[in-house]
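Encoded as structure tokens, the structure appears first; notes follow it.
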Amino acid sequence: MVEVTGNTAIDSAEKRLNELGYKQELKREMTLFKTLAIAFSTMTIFAGITPLYGSSLQYAGPATLVWGWVVVCFFTWFVGIAMAEICSSFPTTGSLYFWAAHLAGPKWGPFSSWCCAWLETIGIIAGIGTQAYAGSQTLQSIILLSTGTNKGGGYFAPKWLFLCMYIGLTVIWAILNTFALEVIAVIDVISMWMQVIGGLVIVILLPLVAQTTQSASFVFTRFELAPKSTGISSKPYAVILSFLVSQYSLFGYDAAAHLTEETKGAEKNGPKAILLSIAIVSLFGWAYLLALTFSIQDLGYLYDPNNETAGAFVPAQILYDAFHGRYHNSAGAIVILIVIWFSFFFGGLSNTTSAARVVYALSRDKGVPFSYLWRKLHPKYKVPSNAVWLCAAICILLGIPILKINVIFTAITSICTIGWVGGYAIPIFARMVMSEKNFNPGPFYLGKASRPVCFVAFLWICYTCSVFLLPTLYPISWDTFNYAPVALGVSLGLIMLWWLLDARKWFKGPVRNINNQNGKV
């Protein structure tokens, strides 16, 4: 919707932005479809499921993995609906931390905003690292299969080369986000169609290509622990860990909220993009899980370090077994892995876009050290280029332990999920406890359903954050230790200390840069 004032056309979302105290600085040229594409690419069908599929399958077998997706999807809808309502009321690029500040009120607003901003920042930057790691892991498998497989003398990239691939992806994403935002919007549309079409092809083709497929009873009812491999013999604990793949896959839909200052009609299109991205990923993700699980040829062989993929990447072995069993070569598996690799590439690109917007918004409100650097926009492209490169640099630092630690991906995904999803909890909790008369609803409004929806969403987020702190392998050693609790504890401890000693004296949450009374900056 566009309003015309004098000779100037004002988008309805820009008008709402002005009412909230911000002037329009970013280019508002994103349509619903482009915003949905970026949100969808941030979640992605393959990028969440593929890297954690093998470990989640091993904990408790296929039935828990498959039905776990349904359970997690159910509760994810509560979170998404709660966020869509808030997004409709506050269409700003600061999104979560801006929401927290306004919903928590003048007394608790600054502290809520501070906590939310830093949780979101930590999570979303770590999210770039998860995409870079999983993309490098997929590329490692592509190279291995292309050069002869593990059994045929193929090349398995060592840790130093793996780290170089990780860094290379991060730098490429930063370059594209600095100089090619319009190209990114086009790329994300391509990504969406590629994943939808590619997902359909994989879901349909893979079970058809596999020489044998598993029975429905195997997929939907088989429950099997692997204590020799995981060290876990407790059934409830194994079930909890098997759900991690679904919980890691089903977030990131707030990317649509980060782009609301660049989206036309954002007070309507932001919520639509959030809910549509959840719907698409819920359906296609489950279908992808089923296709992989039905196509398993030998469950035990998937984890054999002497198999064709060195036991390093279970989905790659499933694809290899299917296509090699039918056609006696690796070509089909390699093509599918390339499609999956592009999903990681597009996901990392979108994560970088979102992360830079969060850092930019927080810097605009002076909530980051040296804020004056990170809130600067590129003079030509009008993107927060300094914030882009700050995110890339932190992501690279997160990846350096790849050289020494075997469970680095577990730690990065835990940090990403707890920070990112934990950031959702604060505005949702504030919305749940605030007085309804103080809430200025947008076009998407839940009415009396708001509080129960927010309550379920908040409890689910607390549960999700808790389980990602758990050890994932036993016995616990330096190779199996989930260091996410330590990393998060140190980071959040320093952030809280900063708040107590200094930031509480000057950080007041989002800082208005426009005077609503006279319309002047």
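Cβ from N, Cα, C; glycine included.
What TrEMBL lists as transmembrane segment is 32-54 (among others).
What TrEMBL records for 66-87 (among others) is transmembrane segment.
Sequence-distant contacts of the transmembrane segment (160-180) (same chain, six or more residues past either end, CB-CB distance under 8 Å): 128-129, 131-133, 135-137, 139-140, 187, 344-345, 348-349, 351-353, 356, 378, 381, 383, 385, 388-389, 391-392, 395-396, 399-400, 402-403. Sequence annotations record features per position, and here TrEMBL assigns transmembrane segment to 160-180 (among others).
Feature annotation from TrEMBL assigns transmembrane segment to 192-210 (among others).
According to TrEMBL, the feature transmembrane segment maps to 273-296 (among others). Distant neighbours of the transmembrane segment (273-296): 32, 35-36, 39-40, 43-46, 48-49, 53, 57, 62, 65-66, 69-70, 73, 76-77, 80-81, 83-84, 87, 195-196, 199-200, 202-204, 206-207, 209-210, 213-214, 219, 246, 249-250, 253-257, 263, 302, 315, 318, 321-322; these residues of the same chain sit at least 6 beyond its ends, with a Cβ under 8 Å from one of its Cβ atoms.
The transmembrane segment annotation in TrEMBL covers 333-362 (among others).
TrEMBL lists 383-402 (among others) with the feature transmembrane segment.
Taken from TrEMBL, the feature transmembrane segment applies to 408-433 (among others).
Annotation comment: TrEMBL describes 453-474 (among others) as transmembrane segment.
Here TrEMBL flags 480-501 (among others) as transmembrane segment.
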Region pair the transmembrane segment (453-474) / the transmembrane segment (66-87), three or more CB pairs under 8 Å: yes
Stretch among 383-402, 408-433, 480-501 sharing the most Cβ pairs under 8 Å with the transmembrane segment (66-87): 408-433
